[in-house]
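Q: Below: one structure in structure tokens.
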Amino acid sequence: DSELTRQPSNPSIKFPEDTNEDGKISDKENKDGDKDAGKTTAEVVIPKDGSVKPGDKLIVTDDKGNKTERPIEQSDIDKGSIDVPVDLNPGKDNTITAEIVNPNNPDNPGKGKGVIGENSEATKAPEAPVITDVIDDVKGGKFNEDVKGGLTNDNTPTIKGTAKAGSTVIIYDNGVEIGRIENANANWEFTTPVLTKQGEHKFTAIAKNEFGTSVSSNEVTIDLDT
């Protein structure tokens, strides 16, 4: 019986959300598409050579190993493709595989794969934060003013800056961490612990999220004289 030996030809996979077909789902493509950085649609293209029959089984496996199985119907063959939602690991290339199995010859499936990256802004390491101000809020000399680059009598100044919202901002004094802001706002502020050393303090910051760590911010100095 030819059904016992029929082997479906290899399917191919396309990703409709990747409209420019560069292998990456950009931030714009994600927003124009499903707006979910962790998901996309795999369009499994069924070979048109007659090797695929109704009742064959489609198995799609995402990069995390999750499988989606469904029977292939005549309407799928007529359409020429089947859309299958798949999960993505954001920020990296994902290999999606598709198998078409003849249940009478299950050890010889047709196999195809596609690789897609999720490259939206939601999946990137943060840019370097920027320290914008160091505010002195101790009377005597400057008060409630920006003292970066200058003299201050405030040993707990407030550092202000900008960063990617939602990231963790870590603040350093002379290269030593003095604190961090979890889930920071785009405009953040941080009051230092008591600075005991007189003289120059060099403040820097980095931002990090689950996708990576930024380079260091600009360096801002104060000259402490209490």
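Cβ atoms here come from the backbone N, Cα and C positions, even for glycine.
Pulled the feature table from TrEMBL, pasting it below:
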- 1-12: compositional bias 'Polar residues' (COMPBIAS)
- 15-38: compositional bias 'Basic and acidic residues' (COMPBIAS)
- 50-81: compositional bias 'Basic and acidic residues' (COMPBIAS)
- 149-226: domain 'Bacterial Ig-like' (DOMAIN)
- 1-85: region 'Disordered' (REGION)
- 98-124: region 'Disordered' (REGION)
Q: Counting by DSSP, what is the helix, strand and coil composition of the domain 'Bacterial Ig-like' (149-226)?
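A: Per DSSP, the residues of the domain 'Bacterial Ig-like' (149-226) fall into 0 helix, 42 strand, 36 coil.
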Q: Could you tell me how many residues in the compositional bias 'Polar residues' (1-12) are helical, how many are strand and how many are coil under DSSP?
A: 3 helix, 1 strand, 8 coil
Q: What else in the chain is close to the region 'Disordered' (98-124), if you only count residues 6 or more beyond its ends and a Cβ gap under 8 Å?
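A: Residues packing against the region 'Disordered' (98-124) from afar: 1, 3-15, 18, 23-27, 29-31, 37-38, 40, 42, 44, 46-47, 51-53, 55-61, 72, 84, 88-92, 211-212.
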